[in-house]
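Taken straight from TrEMBL:
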type	residues	note
COMPBIAS	136-149	compositional bias 'Basic and acidic residues'
REGION	130-149	region 'Disordered'
TRANSMEM	12-36	transmembrane segment
TRANSMEM	48-76	transmembrane segment
TRANSMEM	96-120	transmembrane segment
TRANSMEM	171-193	transmembrane segment
TRANSMEM	208-230	transmembrane segment
TRANSMEM	242-263	transmembrane segment
Amino acid sequence: TECEKEPGSLLWIFVMVGNIVRGMGETPIMPLGISYLEDFAKAENSPFYLACLHTATVVGPFLGLLLASFCAELFVDIGSVGADEITITATDARWVGAWWLGILICALLNLLVAIPFWFLPKSLVKEGETNEPEETSEKSVEPLQENDKNETKQTMYDFIPFLKALFHNPVYMLFICITVLQFSAFDGMISFMPKYLEQQFGKSASDAIFLIGVYNLPVLCVGYFSGGLFMKKFKINIYQAANIAFWVSLLEYLLYFAAYWTVCDTSPVAGLTVSYQ
């Protein structure tokens, strides 16, 4: 009874707050970045630029999984516990990797990458157009600032009506539902596949994370990049893009559905699949 201690650490709050702050910083990049590209890029080049943006969002998790695989091979108390004092290996169920090390490294990299955003101009010349004369631009500075203030106030008042209009837009809501389903499937694979590889094939946590990153994310990068290049080359319009997305998604569903017939033997687990005797 003397060795029993109730968990009373509140350090998880720091991790939660850190993830909230990280989400607040990362969320504007996609919507504002896409608007930035749409406003200042040619219509025929916009799909290719968006494909590069989405490819970069996949390269990040790929590198993150490689980093997580490296950190999972290190003991959680690295630096305070000597290697000769560790009596278990990475394949042991009691092994806990240095999960916190990846967070510190990524936090530092996020800080360094965020610095160039301070130097982005507020407005760019649209691709293919020439700069306006300096005199005209200088004269129009004050009216533009006043218009920006008026537009900001008007946007605040019109936010709720715009939001209601979006909720009643069937195309937009259908796109939201499809996106939620796609991310749910992807998150499920990221969450449960490592444990499946560990239990079914006897892999360590670092090996399982590495395999998921190598076998899944590079293919997504190729798909994003080739899709954007295809739309740019053949000038695919919205209707044609919707048709392509439908048939490709149907093919993807059939391939995933075929995985139901790919069944491995269940590993014996005492108390679940076999008795303790």
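Including glycine, each Cβ sits where the backbone N, Cα and C put it.
With Cβ pairs under 8 Å as the measure, the transmembrane segment (208-230) is packed most heavily against 48-76, out of 12-36, 48-76, 171-193. Between the transmembrane segment (48-76) and the transmembrane segment (12-36) there are 3 or more Cβ pairs closer than 8 Å, counting only residues 6 or more apart in sequence, so the two stretches are in contact. If one looks beyond the transmembrane segment (12-36) by at least 6 residues along the same chain, the residues whose Cβ comes under 8 Å of a Cβ in the stretch are 50, 53, 57, 103, 107, 110, 114.
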